[in-house]
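For reference, TrEMBL has these:
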ACT_SITE  Cys81  active site, nucleophile
ACT_SITE  His171  active site, charge relay system
ACT_SITE  Glu173  active site, charge relay system
BINDING   Gly49, Glu50, Ser51, Arg108, Ile135, Arg136  L-glutamine binding site
Amino acid sequence: MAKRIGVLALQGAFAEHETMLSALGAACHELRNRNDLAEKPDGLVLPGGESTVQRKLLMESGMFASIKSWIEEGMPVLATCAGLILLAEHLSNDERTCFKTLPVTVRRNAYGRQLGSFIAEADVRYIGTMRQNFIRAPYIEQVSPKVEVLSETAGHITAVRYGHQLALAFHPEVGHDTRLHEAFLRMI
Ligand code: GLN
């Protein structure tokens, strides 16, 4: 049976993840309100976008507590950019933490205005060299010892894995490289 992926679809770049995951044979279900949580998915995607808006909508929609407990219970998660910010236990330049299930410190909009968006090539552990799209991206300033660093770009940590949580500062859903999404599906 196709793996069922719940994609947080409140705001941001969720459609791109759905396109990629569907092409890989997964069944995507958009999570927009509490009714969408009735059937528990096999995995979860937290897309990029604006983390402050997503956080507010998560609270208002009444989905926050259930999704947090899914993650705490071990549901595999792929989080990109704003999604990484939502998972982070600490933010170095903002007080608005959200799920706090990933023991890292993240800096929002870390590259400043001038380097708001850029593309880099860097090695991703277990995968190889990837073209990485950064869009007003955060980076990871500190990780707890149990967190595995998967990629560093220009001296900053940009991808980590902590148990079933895979979190990236860049956007693998943009473009045609499906290797990280395949790796995520293998975690399920
Ligand atoms: N700058 C955004 C934030 O702080 C994240 C950017 C993104 O998801 N592409 O939420």
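Including glycine, each Cβ sits where the backbone N, Cα and C put it.
In sequence order, Ala82, Gly83, Ile85, Leu86, Arg96, Cys98, Arg108 make up the list of same-chain residues 6 or more apart from Ser51 (L-glutamine binding site) whose Cβ falls under 8 Å from its Cβ.
Apart from Gly49, Glu50, Ser51, Arg108, Ile135, Arg136, the residues listed for L-glutamine, the same chain places the Cβ atoms of Gly12, Gly48, Cys81, Ala82, Ile85, Asn109, Ala137, Pro138 within 8 Å of the centroid of those Cβ atoms.
Contact annotation for recorded positions (Gly49, Glu50, Cys81, Arg136, Glu173) versus ligand 1: Gly49, Glu50, Cys81, Arg136, each with CB under 6 Å from a ligand atom. Cα to Cα, Arg136 (L-glutamine binding site) and Cys81 (active site, nucleophile) are separated by 9 Å. Of all the recorded positions given, namely Glu50, Glu173, the one with the smallest number of surrounding CB atoms inside 10 A is Glu50. The Cβ of Arg136 (L-glutamine binding site) has 17 neighbouring Cβ atoms from other residues within 10 Å, across all protein chains displayed. Cα-Cα distances to Ile135 (L-glutamine binding site) place Cys81, His171 within 10 Å, out of the active-site residues Cys81, His171, Glu173. In the three-state DSSP assignment, the secondary structure recorded for Ser51 (L-glutamine binding site) is helix. Look at Arg136 (L-glutamine binding site): DSSP puts it in coil.
Among the residues Gly49, Glu50, Ser51, Arg108, Ile135, Arg136 said to bind L-glutamine, no two Cα atoms are farther apart than 13 Å. Ile135 (L-glutamine binding site) is surrounded by 18 other CB atoms, counting those within 10 A of its CB over all protein chains shown. All protein chains considered, the CB of His171 (active site, charge relay system) has 21 other CB atoms within 10 Å. For the recorded site, Arg108 (L-glutamine binding site), the DSSP three-state label reads coil.
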